[in-house]
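In what follows, a single structure is set out as structure tokens and then discussed.
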Amino acid sequence: MHKFGMIALIGPPNAGKSTLMNTYLGQKVAIVSPKPQTTRNRISGILTTDDAQLIFLDTPGIHRLRGKMNRFLLESAWNALASSDAVVVLLDAALYCAKPHLLDKEIAPLVKPVSEAGRPVLVAVNKIDRVKEKDQLLPFMAKLAELWPEAEFVPVSALKGKGTDELLERILEHTPEGPQMFPEDQISTVPLRFMASEIIREKLFYSLRQELPYSTAVEIEEWDEKSREDMVVINAVIYTSRKSHKGMIIGKQGANLKAIGSQARKDIAELIGRKVHLELWVKVREGWTEDPGFLRALGLGE
Ligand code: GDP
Ligand code: K
Ligand code: MG
């Protein structure tokens, strides 16, 4: 029997949703960073095995947010839930073992709305590699089971790939029968050029300090596979909402932008399996996070 299903990955920012998806796909599809809200759009990853195909819907973290863009982030998480066959809720076990009160603040509010969506719920108790006192884990799991009686619990480390096979088996138990929908070498339902723009955004996140990356967006202006036989030529624009940020992104004598560009070029080349020539530009566009037309153009709004 062949199975096909959509699996929503939800949970607070930084729980490890994007990391888990990338671990399953063995390739970087979703951007990962230690900063919350790195995942803006809903990104899907396709896992194809001999007898199943799973579409993982990676979502932005569910938390209280303000502003138009942020409302979109929240909506996209709930939409993923609505179109899924099963939901995996990720949580950072190390965080809640150290600060139990955060469990009530961040996870308890999810129980009712997620359970009411009527999908099977698997809770991936993540980052167990970081739980220092291992004997904390069992009482913690017991507390979780009390909080979320309808859920199944699987301790994992998404980063180290521990417990992830077990989690996958449990996911497959809840995956309906269905035919393979995508070719086996396709890793995402999202176009490559969008994935490339996400890679550039990831490098921005790593290289910029504080709040700055949240006011940036990346648009691929040109994706040329024909002009040059040996490589793909890509032109991308980094938009920022403030003039003062432009200089920070570019850095002294362009050093920062150059570093972002060379790191992104490597990852994009790996993603598409071809050499890449990448040009990055920085443009100021004031108020873009509140501009519905521009957000739509970036795929950040309906
Ligand atoms: P998301 O916001 O839920 O998508 O979380 P990310 O996947 O972006 O991960 C947030 C941070 O947690 C990153 O720095 C990851 O490397 C880290 N992380 C994710 N899973 C694990 C894990 O199992 N163990 C450890 N130690 N770190 C993890
Ligand atoms: K993150
Ligand atoms: Mg993410």
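Using the three backbone atoms N, Cα and C, a Cβ is placed for every residue, glycine included.
Among the ranges 58-61, 82-85, 178-181, 286-289, the stretch that TrEMBL annotates as region 'G3' is 58-61. Checked against TrEMBL, the range among 42-45, 126-129, 182-185 recorded as region 'G4' is 126-129. Ligand 2 lies within reach of Asn14 from the binding-site residues Gly11, Asn14, Lys17, Thr59, Ile128, judged by a C-beta closer than 6 angstroms to any of its atoms. Most Cβ neighbours within 10 Å, among the binding-site residues Asn14, Thr59: Thr59 holds that distinction in the structure as shown. Residue counts for the region 'G4' (126-129) under DSSP, helix first, then strand, then coil, are 2 helix, 1 strand, 1 coil.
Within 10 Å of the Cβ of Gly11 (GTP binding site) there are 27 other Cβ atoms, across all protein chains. Other Cβ atoms within 10 Å of the Cβ of Ile128 (GTP binding site), summed over all protein chains shown, number 20. Checking the binding-site residues Asn14, Thr59, Ile128 against ligand 1, the ones whose Cβ sits under 6 Å from it are Asn14.
With a cut-off of 6 Å between Cβ and the nearest atom of ligand 3, the binding-site residues Gly11, Asn14, Thr59, Ile128 reduce to an empty set.
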